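As given in TrEMBL:
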{"type": "DOMAIN", "residues": "69-133", "note": "domain 'Cadherin'"}
{"type": "DOMAIN", "residues": "134-242", "note": "domain 'Cadherin'"}
{"type": "DOMAIN", "residues": "243-347", "note": "domain 'Cadherin'"}
{"type": "DOMAIN", "residues": "356-452", "note": "domain 'Cadherin'"}
{"type": "DOMAIN", "residues": "453-507", "note": "domain 'Cadherin'"}
{"type": "SIGNAL", "residues": "1-30", "note": "signal peptide"}
Amino acid sequence: MGNRLGPKLQAGRRRMLFLFLLSLFRPALSEQIRYTIPEELTRGSLVGKLAKDLGLGLRDLPTRNLRVSAEKKFFTVSTDNGDLLVSDRIDREQVCGRKSVCVLEFEMVAEKPLNFFHITVEIQDVNDNPPTFSQNVTELEISELTPTGATFALESAQDSDVGVNSLQQYYLSPDPHFSLIQKENPDGSRYPELVLKAPLDREEQSCHHLVLMAVDGGEPTRSCTTQIRVVVVDANDNPPVFTQDVYRVSVSENLPLGSSVLRVMATDLDEGINAEIAYTFINVDKAVRQLFKLDSKTGELTTVGRLDFEERESYTIGVEAKDGGHHTAHCKIQIDILDENDNVPEITLDSESKYIKEDTELGTVVALIKTHDLDSGFNGEVLCQIKGNFPFKIVQDTKNTYKLVTERVLDREKTPEYNVTITATDKGKPPLSSKRSLSLKVSDVNDNAPVFHQASYVVHVPENNPPGTSIAQVNALDPDLGPNGQVSYSILASDLEPRALSSYVSV
């Protein structure tokens, strides 16, 4: 029975089977694919068997034209086997800074049919950065009357690695007068404090030399050291005392240069030079000094650089207050940066062709759209849309990806070209938006029959005309283009016999 089916019926059944199988595989293809690799892999290193994970065979690769979304420079796809490979050096500290989890998200684009595949690559940290101190020697002045148990802030070592590879522990060279304790900042970073465990006597020993070591948790471990020189001096009766241990403030990222952030204050019960307090930064990196300035006399913190929420969301700043008798006190300033809607959404377009056939089925993907906004929260949420009477609509695929698909029947003879403007608008107040234009030309198909100017023609012909005489002219028009619109004429029927007709008239 199956062998007796006509070729059109057999082709129709095969098409229905293909569409059914495609509907089964479509949910799997839209799932996000995740890989994990260490940083600093050499160029050409394997990230994952991408084509295999997408369910694509080797024979599918030439037609699908699998490629990485243009904005990601770190990866490429092998044209031979469809493997995802490293194409550029990936320095986790440069890409993600101090984030605990470093993830690169991007899209793969495939053609025929046009589609997005969402890829996530987690970059694991390797212990490629040792801890470092900013200076080789640190000098501390401590009064001989300082009570045991007093603590003194020491410079923190900086380590660009994260997790177990970051700085884990401090060690102090043995000394009968000092020990070391380790504390944590609100952001989780560790810092050392020197503890006085035995009374000092300047007349007995005026200077103590210590070695501070910082060690990370990598395998193998990395470390660094700095010298600590403790100078024993005569001290006054009372050390400075801050009004707060931790000062907290939230400021907008658009804060103008020179704006006051807050003011720290320490008091000293002594008089004269012993009560004169000077404020300085302690345990702050270069980036903080480029953004903030601390008045040594008033303790007022002001901005000297532009804050950017997208670059860093918070800062922890150490401040030391020292009086004229060399007593010190310490506090922390916790600054949280508030996001402002200061980034315009970005639009990326990807399409197979600028031409679309006028008999294209409804729901056909015309272009892939991706939006990206550096802002956070509502300021970073983007709505993508088109305005105007177009036979297309935008369908959201994921949070930041969309598809432009056909919604109504196309007719080249009515509208041969569309200039579609895509607008991406965020939810900030006020909202920011950007636009991208896409030109689509409708290609012709032979969907119009020729039409005569008249349904019938009546011609009066005198007898005895010589051969070749024109007796009438008919005209038909076809609105299609090219070969589809070329018209040819022939006589199909006559009340004369066909052989007799050809002996009288021709077209």
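Yeah, the Cβs are placed from backbone N, Cα and C, and that goes for glycine too.
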Counting Cβ pairs under 8 Å to the domain 'Cadherin' (243-347), which of 69-133, 356-452, 453-507 comes out on top?
356-452
Kindly report the helix/strand/coil residue split of the domain 'Cadherin' (243-347) according to DSSP, in that order.
10 helix, 47 strand, 48 coil
Summarise the domain 'Cadherin' (453-507) as counts of helix, strand and coil residues per DSSP.
9 helix, 2 strand, 44 coil
